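Peer 1: The structure that follows is given in the form of structure tokens.
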Amino acid sequence: MKILWAALVVTLLAGCQADVEPEVEVREPAVWQSGQPWELALGRLWDYLRWVQTLSDQVQEELLSSKVTQELTLLMEDTMKEVTAYKSELEKELGPMAEDTKARLSKELQGAQARLGADMEEVRNRLLQYRSEVQAMLGQSSEELRARLASHLRKLRKRLQRDADDVQKRLAVYRAGAQEGAERSVSAIRERLGSLMEQGRLQALTSQPLRERAQAWGEQMRGRLEKVGSQARDRLDEVREQMEEVRVKMEEQAEAFQARLKSWFEPMVEDVRRQWAELMQKVQVAMGASTPAPSQKP
């Protein structure tokens, strides 16, 4: 009987040892702690999973209350959102890159993103499954469930790290392509500016005779304008002299006409004056003859 009990105990211990895998140390990605925003978000998710993997009393309590899965969902969404934002930022700088190369890099990065998202989703589903299994045990011992969960979490964290490293490498290739494209753009701009400066210098050299001809033409036009102005001033002086001559002639003609009028009317006036004087004299004489002489008293 004792032998049977001993065999049973050995079998149980062997089974427990088979279920619980030896814990393999997972390398902590220190680069996630200080890098791009998506790396910082992934670092927060990694730290949270490491805390969940401890399966402490607080962790188990929050697992049963769905708090862990809710927090994990927020961290997953934040991480994937930052990855997408960083990818979009790099894509804007990939202009000079060939379209086929850009399409290939984008496809590879999308695949890495999908694998990373699937890893996160599997972690969450495994935690939900653990919650359902614990609730189904109705107060019975859950040590075996915790052991299996710890084993799964170790495997999932290793897979998550592998796929996160893959995403990081793909983004590094993207970033290198963006930097190369930026350098090509700067080089093209420099070449273009150099070409424009050379063209400007050549145009300046070729435009020198044009400027000289323009200056000569301007001097010629200025001389012509001055000549025309001088001629106009001379003509104006001539017109003024002619007007003065006309005025003098008109004054002389007016004086001559006045003299002629005077010579016409003066004899007539004198004749009328003389006749009037004679008439008045006759009237006076006639009036004197008709007046009676005063009578003399004796």
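Heads up, the Cβ atoms here are built off N, Cα and C, so glycines get one too.
Below, the features straight out of Swiss-Prot:
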| type | residues | note |
| --- | --- | --- |
| BINDING | LEU156, ARG157, LYS158, ARG159, GLY218, GLU219, GLN220, MET221, ARG222, GLY223, ARG224, LEU225 | heparin binding site |
| MOD_RES | MET137 | methionine sulfoxide |
| MOD_RES | SER141 | phosphoserine |
| REGION | 74-244 | region '8 X 22 AA approximate tandem repeats' |
| REGION | 152-162 | region 'LDL and other lipoprotein receptors binding' |
| REPEAT | 75-95 | repeat '1' |
| REPEAT | 96-117 | repeat '2' |
| REPEAT | 118-139 | repeat '3' |
| REPEAT | 140-161 | repeat '4' |
| REPEAT | 162-183 | repeat '5' |
| REPEAT | 184-205 | repeat '6' |
| REPEAT | 206-224 | repeat '7' |
| REPEAT | 223-241 | repeat '8' |
| SIGNAL | 1-18 | signal peptide |
Peer 1: Given the binding-site residues LYS158, ARG222, and counting only Cβ atoms in the protein chains shown, which has the most within 10 Å of its Cβ?
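Peer 2: That would be LYS158, with the most Cβ atoms nearby.
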Peer 1: Looking only at the repeat '7' (206-224), what is the mean pLDDT?
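Peer 2: Across the repeat '7' (206-224), the average pLDDT comes out at 75.
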Peer 1: Considering each pair of residues in LEU156, ARG157, LYS158, ARG159, GLY218, GLU219, GLN220, MET221, ARG222, GLY223, ARG224, LEU225, all listed as binding heparin, report the largest CA to CA distance in Å, no decimals.
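Peer 2: With LEU156, ARG157, LYS158, ARG159, GLY218, GLU219, GLN220, MET221, ARG222, GLY223, ARG224, LEU225 as the binding residues for heparin, the largest Cα distance is 96 Å.
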Peer 1: Which of the binding-site residues LEU156, ARG222, ARG224 has its Cα closest in space to the Cα of the residue listed as 'methionine sulfoxide'?
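Peer 2: Considering only the listed binding-site residues, the nearest one is LEU156.
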Peer 1: May I have the DSSP-based helix, strand and coil counts for the residues of the repeat '3' (118-139)?
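Peer 2: So the counts come to 20 helix, 0 strand, 2 coil.
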